Amino acid sequence: VSLKELMQQESGANGTAIAEFILLGLVEAPGLQPVAFVLFLFAYLVTVGGNLSILAAILVEPKLHTPMYFFLGNLSVLDVGCISVTVPSVLSRLLSYKRVVPYGACLTQLFFFHLFVGVDCFLLTAMAYDRFLAICRPLTYSTRMSQTVQRMLVAASWVCAFSNALTHTVAMSTLNFCGPNVIHHFYCDLPQLFQLSCSSTQINKLLLFAVGFLMAGTPMALIVISYIHVAVAVLRIRSAEGRKKAFSTCCSHLTVVAIFYGSGIFNYMRLGSTKLSDKDKVVGIFNTVINPMLNPIIYSLRNPDVQSALWRMLVGRQALA
């Protein structure tokens, strides 16, 4: 059955003229596809290995059984999930040279991508709140950041992110696709699908900005407010060593926040652009590959506690062998 016939069948079935999309991927030249495969596979293995190593270190090292590392462990799980939504499918298409993606699979990828990114967004906010309590409210820290509070923050993050992802997926499913079905990207996301819709996407874009303000704007504002208080508190510390130690616990988190929000804002604030360019693919790589891969590197390089825990795990395994 040809793609054209499938499109005609699907048109009468559920009001959607297009049954499949064609993802062009990162590179169109066949000669560059093996290079892209090796790079993406390397990034995937590094990301999964790095994040699972940090998660294992947090689980086995008693010294890391604190709220900050509880959130970091959850962040590691999310990073594995986020990159697994996009990269394995990219690798399979590079191997098979098939670029066709079913309509349902495209929406499924859209849902899970926004689910993991949404939880990521709220977890980064919870980590900023944790640093605020630890530095600005040390006397009440243990009660305000109890295990119950930690679990509630993580659960609330999942609920809010699920609602956001479901909202965008349902809204996208109401659009009709009857014209071009070529996506100039390597995964399905809102800006690319908006470009292909035959229906008006005005409501969808307004929904994206409105929900995006709640999902990203509010957490970002809370992070900024938290770190303003942290900066004021740290500057009041008289010893240079004390200030350095307090700031060092925040630098890794601030670096991750800057990369996460920087790439995200650039990606979704350009919806008015009439033509999607290669810049969008680069930003897509940051969102789906670079961010999850950098997180374990940033936290391990700048954190002696994580480094020592990873080293003890490695030495312990070698001793057992």
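Placement of Cβ uses the backbone N, Cα and C atoms for every residue, glycine included.
According to TrEMBL, the domain 'G-protein coupled receptors family 1 profile' annotation covers 50-299.
Look at TrEMBL and you will find 35-60 (among others) tagged as transmembrane segment.
The annotation transmembrane segment is assigned in TrEMBL to 69-91 (among others). Within the chain carrying the transmembrane segment (69-91), a Cβ under 8 angstroms from the stretch's Cβ atoms is held by residues 25-26, 37, 40-41, 43-44, 47-48, 51-52, 54-55, 58-59, 101, 109, 112-113, 116-117, 119-120, 123-124, 126-127, 130, 150, 153-154, 186-187, 288-289, 291-293, 295-296, 299, 306, all 6 or more beyond its ends.
Look at TrEMBL and you will find 111-129 (among others) tagged as transmembrane segment. Residues 68, 71-72, 74-75, 78-79, 81-82, 85-86, 153-154, 156-158, 160-162, 164-166, 168-169, 187-189, 215-216, 219, 222-223, 226-227, 253, 256-257, 260, 264, 287-288 of the same chain, all 6+ positions outside the transmembrane segment (111-129), place their C-beta atoms under 8 angstroms from a C-beta of that stretch.
The transmembrane segment annotation in TrEMBL covers 149-167 (among others).
The annotation transmembrane segment is assigned in TrEMBL to 206-235 (among others).
Marked as transmembrane segment by TrEMBL: 247-269 (among others).
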Q. So what's the mean pLDDT when you look at the domain 'G-protein coupled receptors family 1 profile' (50-299)?
A. 86
